[in-house]
């Protein structure tokens, strides 16, 4: 096997929770990618204008960011985390089932806001729990976690595609049934309300969309996920109505069996630490002044620079997947619309492939090295895209390359930053929040710049963001060298104090 027996033993001991967290992230991916392709059919269903329906994007993205900030609130005990994941994954299934019943755009926006909150909670809690369980070995499991996001993001458009309307889905007098809706649909990714005035489609008439079937299929596909979380709750005796007792998935004693003998005394000490010493707080707890007492400058610098790297790289993912189609169909490339439509799929496909490849690679390569390769690769790819900006072939090659380099950035950065902070800071919450803000803000910023400056600014923006990501990464490495090292007698960081807290809570 390409990992050692110690990691394998830890994985076997935590098989059910690990698979559960991976499946929950599949829900996240399933929910994040369906809105763009189905937006025109949802416009018909709600009989709203294009400029109105595109604000549903904002509703989802804003609440996803809010959910990421709030997700850490539910980490105080393992029972709270699992109950929050159960509620969130169940909410996503309910959202898919309810969307076909939303015949007003405001109601649809509210439903998508609920989905965004659920996705944000899933994002924060799943990352936190895997880091808690695997600590120094978390990189490989985080790579697998984010592979399932890409898998879900690829699957949902494929499910929706057979049910999308090829002609106007609201038939009114004078409607041109041969309108090129696939072309218009691609222009809506991500929302650009200021550019939609020329895309005139009827808002009243006979609705002929079949997109409801796609959402009901996705609801059924997602249903096993909350069931899996419920089984984990039941196994750990954490279902409130069935048992009042609970215990951690992996006790400190069990964890000590998987570590080197020199670490056992440290683990025993860690189990007695109070809960107030635990890391991975929610964003609001992280900002409390009591957490700043005695903290060095580098403590804050590591959090900030790590978040800024993901602000840029996740922002690039959002803006590139959203605008590469629009860039391709305009001059000077003027790619045929149907051919250009493959670019976003190619980008997400190579992100998913890259995350799959990163699972074994992350075991052999340090997270810091992987992040360096990623940010340098992104920078070089954008530079070559600018140099060969008139080549359609290289646009496809560059899109695939960019997807590969961006694929493992988030889990590698999370593992690297948590390792620097010795699993005691607020890295997971801060990094997830920074990535969410970047994805939302850079999409809106690039959309506005393209509208004012033309399509070539799309690549220029990407190059600038790539340079900033590399700069912030260099600063992170600099602050890492300045950050206080563990005492010489400690060869590995202690397990999360939260595990010790769970144990104390349930001992007589």
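Just so you know, the numbers here start at 1 and follow the chain as drawn.
Including glycine, each Cβ sits where the backbone N, Cα and C put it.
Annotation comment: TrEMBL describes 21-40, 52-74, 81-99, 105-126, 138-159, 213-234, 297-317, 339-357, 369-388, 428-450, 456-479 as transmembrane segment. Feature annotation from TrEMBL assigns region 'Disordered' to 487-508.
Taking pairs at least six residues apart, the transmembrane segment (213-234) and the transmembrane segment (297-317) share fewer than three Cβ pairs below 8 Å and do not count as touching. Of the Cβ pairs linking the transmembrane segment (456-479) with the transmembrane segment (52-74) and spaced 6 or more residues apart, fewer than 3 are under 8 Å, so the two regions do not touch. Long-range Cβ contacts of the transmembrane segment (297-317) within its own chain (Cβ-Cβ under 8 Å, at least 6 residues beyond either end) map to 351, 371, 374-375, 378, 402, 406, 409-410, 413, 416-417, 420-421, 425-427, 430-431, 433-439, 441-443, 462, 465-466, 468-469, 472-473, 475-476, 479-480, 482-484. Between the transmembrane segment (81-99) and the transmembrane segment (339-357) there are fewer than 3 Cβ pairs closer than 8 Å, counting only pairs 6 or more residues apart in sequence, which means the two stretches are not in contact. Ranked by the number of CB pairs under 8 Å to the transmembrane segment (138-159), the listed stretches 21-40, 52-74, 369-388, 428-450 are led by 21-40.
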